[in-house]
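Colleague: One structure follows; several queries about it will come next.
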Amino acid sequence: MDIEDEENMSSSSTDIKENRNLDNMPPKDSSTPGPGEGIPLSNGGGGSTSRKRPLEEGSNGHSKYRLKKRRKTPGPVLPKNALMQLNEIKPGLQYMLLSQTGPVHAPLFVMSVEVNGQVFEGSGPTKKKAKLHAAEKALRSFVQFPNASEAHLAMGRTLSVNTDFTSDQADFPDTLFNGFETPDKSEPPFYVGSNGDDSFSSSGDVSLSASPVPASLTQPPLPIPPPFPPPSGKNPVMILNELRPGLKYDFLSESGESHAKSFVMSVVVDGQFFEGSGRNKKLAKARAAQSALATVFNLHLDQTPSRQPVLSEGLQLHLPQVLADAVSRLVLGKFSDLTDNFSSPHARRKVLSGVVMTTGTDVKDAKVISVSTGTKCINGEYMSDRGLALNDCHAEIISRRSLLRFLYAQLELYLNNKEDQKKSIFQKSERGGFRLKDTVQFHLYISTSPCGDARIFSPHEPVLEGMTPDSHQLTEPADRHPNRKARGQLRTKIESGEGTIPVRSNASIQTWDGVLQGERLLTMSCSDKIARWNVVGIQGSLLSIFVEPIYFSSIILGSLYHGDHLSRAMYQRISNIEDLPPLYTLNKPLLSGISNAEARQPGKAPNFSVNWTVGDATIEVINATTGKDELGRPSRLCKHALYCRWMRVHGKVPPHLLRTKITKPTTYHESKLAAREYQAAKARLFTAFIKAGLGAWVEKPTEQDQFSFTP
């Protein structure tokens, strides 16, 4: 490349930068034209690096100024408000000023309009806003939709708004901050529709209705009008401010560890309360606005399928995102209480899990049942043939074992006396034994996707996927390769480490002596175990002798949520299961992420696991390598401890209330085999995995269960 070419390239690039700011150049003196006036063209002197512009010849042959045309940047197409839509439906309406009250600095105008023989009034701080509210009331009178936008859609008119709400323009202007918010110029822009820390969730927060009972429980739901796209380049706070000016946002709470704070903001729109959470007040405020837009105006800002909640097949007592965010906050809040606001050395963790119980339609009455942490399994040399060591200290597994303690306590409460029966979550079943009361539901929270099939294919937050540099469009496709052989495979955890590996075809049986001689002790992944719970229930084999199968109503992830991968891991891969015993089913719970995704926990995973069950005074800390506490004592969650609880309940339950007749159990293993229907369901599950080509379930050496009850 010669020198002349280089100079041309340099001048060309400089010219582009300069042209970009031509309109913003201030006049240097009185002879220099201002913005929009004629701009003198360069003659090339003075060492200017800009490229010469072609001169235009006047009639006398002299050069003249070429007028710079100012480009108009088209603004976003806004959705038509009620006033505009009513005018299209009923042109020529007359609005009358009825009254003006209030002080000069804060007047209140009342306007009226007559439509179809009815007079509608609206009030506001300006005549324009008063007319708008009157028009909204008029629209509601003859259109069966809750707001103007839905009325517009119902009458066959569509809003053609070409938007890209994930563009870089969707950041907050400083003018919309509350007084207590200070914009951080170094923060990257967040994108509506992502699921990471700097972004919005799958469907945002969705508010609780003013009524405690969802309409879907009492009457058939009305058809939901199709959502319309939002104006481009505008964030939820800006959009809501245009639709409902003057709203006040309230700061509710602040929680979380120092590196992963969570703030909660609220706003009231049309008498309904909405809240949102985020890693700063700005994001929390935006999510509260997003919630209001979704509920009041049917304006959904994120339609990415893989980040949407996967609804359950059963009765849905709660709005999905409200439930997910509430469960997350409750578990994190309880863990904070148990660890002195995360200051305890045992607050260190990679994964946090918990079980929350709801007893009705209001999530405000939800109760944390268990909290746990952990990411490791026992070393083979520490196996116990007396049931005194915990094999698997992964957080979600420990949370479920803690839940078993609670279920035993509730059964004992029922068996105490008639007064306590009302307090218990159990009631007698007409089919024999006991069952949960109708409104009782359990929800599993895990701070990240469970190890195994659910996590292996979603290692990053969705916001990082599908990014195209030319369009800045954040798109996250569904699983591109759903039929690959690796999808759905059974996987086992690595002994004394982290991560999982696929099962071997010949590794379904482990031997006690083989493990003691150095063979790796294999433990099924958390994804596989949760899939198992979705068939045989979370109560396990021993409790199934007393109670009907119990299933999780929802599984909520704090991060790395991907609807396609999670639903496959939890139940889709075994949809071929058949011939299950009565009352057993393939459970399909609600699957959801949370609005404010948990921050990644950096650093090495601790070697301990923490557990707590409601009623416990303090947490229990277990060495994951040995399966016991640091003093070598067995855990309150070990097989032997839970078998003692089972024996105690068995001694109290009248024989006619047993779902399975068992007289004198001798060993832990025999007691488990007595739960015949449970064992049949488990066998069908293992067969379903094999038939689907996903591998064989690997069980622990049978010697682990050959122990008897010793008080």
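Placed from the backbone N, Cα and C atoms, the Cβ positions cover glycine too.
Grabbed the feature section from Swiss-Prot, which reads as follows:
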- HIS394, CYS451, CYS526: Zn(2+) binding site (BINDING)
- ARG400, ARG401, LYS529, ARG532, LYS639, LYS672, LYS682, LYS700: 1D-myo-inositol hexakisphosphate binding site (BINDING)
- 192-213: compositional bias 'Low complexity' (COMPBIAS)
- 78-144: domain 'DRBM 1' (DOMAIN)
- 231-298: domain 'DRBM 2' (DOMAIN)
- 370-707: domain 'A to I editase' (DOMAIN)
- SER149: phosphoserine (MOD_RES)
- 1-78: region 'Disordered' (REGION)
- 83-88: region 'Interaction with substrate RNA' (REGION)
- 176-220: region 'Disordered' (REGION)
- 237-242: region 'Interaction with substrate RNA' (REGION)
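Thinking about packing and proximity, how do these listed features fit into the structure?
Modeller: Look at CYS526 (Zn(2+) binding site): DSSP puts it in a helix. Counted within 10 Å of its Cβ, the other Cβ atoms near CYS526 (Zn(2+) binding site) come to 29, all protein chains included.
Look at ARG532 (1D-myo-inositol hexakisphosphate binding site): DSSP puts it in a helix.
Per-class residue totals from DSSP over the domain 'DRBM 2' (231-298), listed helix then strand then coil: 24 helix, 22 strand, 22 coil.
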Colleague: Between CYS451 (Zn(2+) binding site) and LYS682 (1D-myo-inositol hexakisphosphate binding site), what C-alpha distance do you get in Å?
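Modeller: One finds 21 Å between the Cα atoms of these residues.
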Colleague: Using a 10 Å cut-off on Cβ-Cβ distances across all protein chains shown, tell me which of the binding-site residues (HIS394, ARG400, ARG401, LYS682, LYS700) has the largest neighbour count.
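Modeller: Its Cβ has the most other Cβ atoms within 10 Å: HIS394.
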Colleague: Taking every protein chain shown into account, which of the binding-site residues LYS529, LYS639 has the largest tally of Cβ atoms within 10 Å of its Cβ?
Modeller: LYS639
Colleague: Using the CB centroid of HIS394, CYS451, CYS526 as the Zn(2+) site centre, which other residues of the same chain sit with their CB within 8 A?
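Modeller: After dropping the recorded site residues, what remains is VAL351, THR375, ASP392, ALA395, GLU396, ILE397, PRO450, GLY452, LYS493, THR500, SER525, SER527, LYS529.
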Colleague: With Cβ-Cβ distance below 8 Å and at least 6 positions apart along the chain, what are the contacts of ARG532 (1D-myo-inositol hexakisphosphate binding site)? List them in sequence order.
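Modeller: For ARG532 (1D-myo-inositol hexakisphosphate binding site), the qualifying residues are MET524, LYS682, LEU685.
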